[in-house]
Amino acid sequence: SDKMVSQHELPLDTPILYLKCEEAFAGLTSRERHYAHHLSRASWWGGLIVLCQTSPESPTIFSLLTHVLRSQPIDTLKEVALNKAGFTEDEFQLLLIYYSGLVYNMGNYLGFGDRKFVPSVSREKLEMLIKASKAYLEAPDVIQDYIDTSMGPIYNLEENKRFLGMPTTGITMYFTPNCTQEDADLAKEYMAARNIESWNNRLLKYEDNGEIILDIRLASIEQGESKGITVNLDEFQGHKFRVSRGDHSYFLKKITEELRLAKEYTANDGEGQMLDKYIECFTTGSVQAHKDGSTFWVKNKSPAVETYMGFIEVYRDPTNQRAEFESFVAVVNREQSRKFDTLVSRAEKEFLPLLPWGREFEEDVFMRPDFSSLDIMTFASSGLPIGINIPNYKDVKEEQGFKNVSLTNVMAARTGIKGGPFLSDADRALVEKHGALGLEIQVGLHELLGHGCGKFLRRKEDGTLNFDQDKVKNPFTGGKATFYEKGENYYSRFTNLASAYEECRAETVALYLDLVNDILDVFGVAEEIREDLKYVMWLDMFYAGLKGLEMYQPSQRKWGQAHSQARYVILRVALEAGQGLVTITETTGEDGLPDLLLTLNREKIHDVGHKAMGEFLKKLQVYRSMGDSDAGRAMFEKYSEVPESGEYPFAKWHEIVVRKRRPRMILAMPNTRIVGDDVELVSYPEMIDCVTKSWVDRFTPHEYDSIEAALKSYIESWTK
């Protein structure tokens, strides 16, 4: 059906934006720029691995469309499309949007939501354009081969092709198509029994000498056997296992070549040791080498140029074990980091005492979460987050710590998206004016004070309590305060609610402290915009709560995303406070369909709003401190409900929110090039073709030929 297909297309109003890092890059020394340049090159080579981790057709679609787009100027290709292939202007734009989506997600499935997307141009027209292109004229055999292998899959929206998932019901490259859920479970047990971690592998199943083999294939440059890494044949619960290596070898080799060049420009020994360990991991397939590299990375505090690369996030493996390749290069935004440092240094004496739960429920010493603010220069993976907390290795995190990073320019880009439903014109104008600054303050407060504040009442290893039982009482009952026993922690008590509840606490802390003028001064907020900014920060939170409804799954009555649930809960608290603080009214849109209008009463923020959030925050914190998950769960689940009826029938409104969903942005990133003794940043004006142009420039024609060959050989042999 058309409605089904449209969900799998990227619309004409998809925001295509350019990620700015010019200011931060200009602040680097020549040596730092060279370091950043080689890391950026390594990242772009590595990102191509993601094509091979997404779908069987992704590498071929990438090769085909990139070849067509790099063989002649885009304007000339557009003339061909309009004059020889029957395209309209919109259809050519939609083709550029499809290609931009392909390279931004590194495949034809969305990085956020795992949904397949297809071109909005018919197959006939796309084929006509390709056959009339200069690329086809120059290399008809190569291009025809690409057409034959990829055209069917590009447009295929059969039930089991629409989303990523385990074989037969979905698409995955982490398992060969003949693998079953049983095979996946068995491999998980085998790896646990043999102490193999699955970050950099995938599972193949094939017949060898009449026996079925489950082959765990590691990503590495080296092929063949290696003691302690590969296993030729192993019996486990009556099944035959093999651990082999050599996956993605071409791209890993290109990464290590650039990392060796980057080593000439490191800022300290730790960075050199970190790069050596990454090179070892990519060369041999050793996960331990990557853990060692991550340890050097964690210890390298606040470098001017920040980078992390490898097989990191496991969201897209249907069993959440195997990781997608990602690599980023970022530059510390020194100006913003200074504001965050001031906020932290004044937190303990000035700002934390303003929180509504009193001394007993606050840590004796404020521990600053390691958090820095970066501008991304390069991010090669299936899309960009706005913040990251890594490494993901539990042992490294516990023994060495971790880094908490806010990607400032990604957030700033997001606020550049104009328009948006559910607000009045006046409110929308205010949000567009102050949204970026509001977000910066909200994120700083959320990450540094929100996640950093509050105490857990617990029994220590020596058997004593970390609080005075006679003094600390449950403020809601007057009875004794409960606490965490040894071996218990927040996650073991709050289980499946832990993430959303903690995000909600951090968001509410930020909302509560947004109103403090001394804090706004830290961020350099001019006195005349103070009240407008507070209004925008509060409005934006409630707006996010309403919009977050799109992440609710009505059929399963569950929330798909912790942050969205957290903000919806905050909206419900504000609505419950009443007195006209927040109202949502159902209206009729210009298209005659139901619409919504969200309003916030500016006069009520400081009294009604502040009081309601204070009371809610006190409960959130006290229940968390005492490990009282029964009371915490009862409260949180009540606010998380999505009612069918009443004054605010959110279940009925879910349809409106989903229908008015804005397309997710696609970002173009700069390139770098060596000019004489320096490195310059190549920027792209924010236009519909900026992502395409940045990719055409990313590699030389000779490099692109070698990329096409490497992708082709991977796809021809990935099931063997």
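Just so it is clear, glycine is given a Cβ too, placed from its N, Cα and C backbone atoms.
Automated prediction, rather than curation, is the source of TrEMBL annotations.
Fair warning: this is a prediction, and the values are worked out from it, not measured in the lab.
What TrEMBL lists as Zn(2+) binding site is HIS446, HIS451, GLU503. Within its own chain, HIS446 (Zn(2+) binding site) has ALA506, GLU507, VAL509, ALA510 as residues 6 or more apart in sequence whose C-beta sits under 8 angstroms from its own.
Contacts of GLU447 (active site) defined by a Cβ separation under 8 A and a same-chain sequence distance of 6+ are given as PRO369, PHE371, GLY387, ASN404, SER406, ALA506, in order along the sequence. Feature annotation from TrEMBL assigns active site to GLU447.
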Nonlocal neighbours by CB distance (under 8 Å) for GLU503 (Zn(2+) binding site), same chain, sequence gap 6 or more:
ALA562, HIS563, GLN565, ALA566
